[in-house]
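*Asks:* Before I ask anything, let me first share the structure, which is written out below as structure tokens.
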Amino acid sequence: MTSNSSLSTRDQLVNWHPYTQMQTAPPPIGIVRGEGAVLYAEDGKEYIDAVSSWWVNIHGHAHPHIAERVSQQLRTLEHVIFAGFTHAPAVELSERLLRLLPANQTRVFYTDNGSTAVEVALKMALQYWYNQGIQKTKIIAFEGSYHGDTFGAMSVSERSVFTRPFQQYLFDVEFLPVPVPGQEAATLVKLKQILAQNDIAAFVFEPLVLGTAGMVMYSPEVLDQLLQLCQEHHVITIADEVMTGFGRTGKRFACDYLTRQPDLMCFSKGLTGGTMALGVTTCSQQVYDIFLSDDKTKALFHGHSYTANPVACAAGLASLDLVEAASFQQNLDRISAAHTAYAESLTGKPGIKACRQTGTILAIEFEVGETSYFNCLRDQLYALGLENGVLLRPLGNIIYVLSPYCITQEQLTRVYETIDQMRLLVLQSFSA
Ligand SMILES: *Cc1c(COP(=O)(O)O)cnc(C)c1O
């Protein structure tokens, strides 16, 4: 294969990549095949996918069980309009999901991705009050949160350089500090102040781990307290489990750590095992009932051409087969234990500012005095990982591991060794 016919070269003439400054970004790596935790590139190189390809691929690449189920579905029914019609994959996926979710969740609404799952949750929450003629219009979100890239989802996310060009179009949100260890009381006080306003429609949150913020973690106990306050003030609670869902936190769902149950839940990333784009918003009967009326305008007016696509739902069902297999929890426990041991080995080492872990999510914050170095360092760390055949995407000075659950111990060791090298690189960069 000549270099100017490579995927990478042809890509650079026609594609526009997400979150990428196209002028300065290195050429994209052409991937021709995936298996387990490994991606195979067109130049023969191999990469351990330690970030599950943006957190979606929970069972490993090209999983044969999912592939089989998807191909069967493709030959049976590839798509059908979901207004006025239904099909087995959507019915079964909803039935099975609801059996796994907190008991108060009774209805499933399908969309195409995590952002739209959040959009729908926001619309459900706002219209829940509107349908009752009650003036509650404000939304609470965490500082630093990320809920997606559509306008509603951006509005309830941290304002940053990413959202700056659209700032004036984003609606106002009450931002609440994350109750990280030691800050719980301050967050509770602030929430009480906000709730005293009486015009709060909903509280949207990433349970236990704020992913894009840099894997910022807080306890289930304080989340239960926040939920209790919201529920006492009749505020709709929305758990955005787009990242935390399907095992990431060491249990099936982050909300499995809670005693309280959210009114609405959002899922996407792990839902199809990283195979097809699919999102769901689930809700309690109490929310659902407010949309029932002889008045047609009280319906939820939201939908997508590919709502509940049968092939995507089939991928979701196949993924759930794997989620419900005995080996699933064993893998979560194995990875969690490996992370804990590795994090312990790092404590006190120079260059390490903090280590955080929730289940299979490990985050390591490097000590970097001068913040002006940041971007350059981030790119260097990323490149070092790729040179080692490990795909790790630093968030600033934070490196995290969010691997497929099939990752082997040997592969995990490779990932940890790469992080060790990153630490040395950080030390070199900031010494002298
Ligand atoms: C990724 C993510 C989203 C957005 O999902 P997309 O499928 O990328 O639109 C929303 N919320 C959380 C917590 C996420 O991690």
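We count from 1, first residue shown onward.
Just so it is clear, glycine is given a Cβ too, placed from its N, Cα and C backbone atoms.
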*Asks:* Need a hand: TrEMBL gives Gly114, Ser115, His304, Ser305 for pyridoxal 5'-phosphate, which of Asp49, Asp172, Asp240 is also on that list?
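*Replies:* So, going by the record in TrEMBL, that would be Asp240.
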*Asks:* Across all protein chains in the structure, which of the binding-site residues Trp54, Tyr146 has the highest Cβ count within 10 Å?
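*Replies:* Answer by Cβ density within 10 Å: Tyr146.
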*Asks:* Compute the C-alpha separation of Trp54 (substrate binding site) from Asp240 (pyridoxal 5'-phosphate binding site), stating it in Å without decimals.
*Replies:* 16
*Asks:* Ten-angstrom check, please: count other Cβ atoms within 10 Å of the Cβ of Asp240 (pyridoxal 5'-phosphate binding site), all chains counted.
*Replies:* 33
*Asks:* Going by Cα-Cα distance, which of the binding-site residues (Tyr146, Lys269, Gly303, Arg393) sits nearest to Gly114 (pyridoxal 5'-phosphate binding site)?
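*Replies:* For Gly114 (pyridoxal 5'-phosphate binding site), the spatially nearest of the binding-site residues is Lys269.
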*Asks:* State the count of C-beta atoms found within 10 angstroms of the C-beta of Lys269 (substrate binding site), not counting that atom itself.
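*Replies:* Within a 10 Å radius of the Cβ of Lys269 (substrate binding site) lie 28 other Cβ atoms.
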*Asks:* Output: those binding-site residues from Trp54, Gly114, Ser115, Asp240, Ser305, Arg393 whose CB lies less than 6 Å from an atom of ligand 1, in sequence order; none if no residue fits.
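*Replies:* Only Gly114, Ser115, Asp240 qualify.
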*Asks:* Taking the Cα atoms as reference points, how far is Ser305 (pyridoxal 5'-phosphate binding site) from Tyr146 (substrate binding site) in Å?
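*Replies:* That comes out at 26 Å between the alpha carbons.
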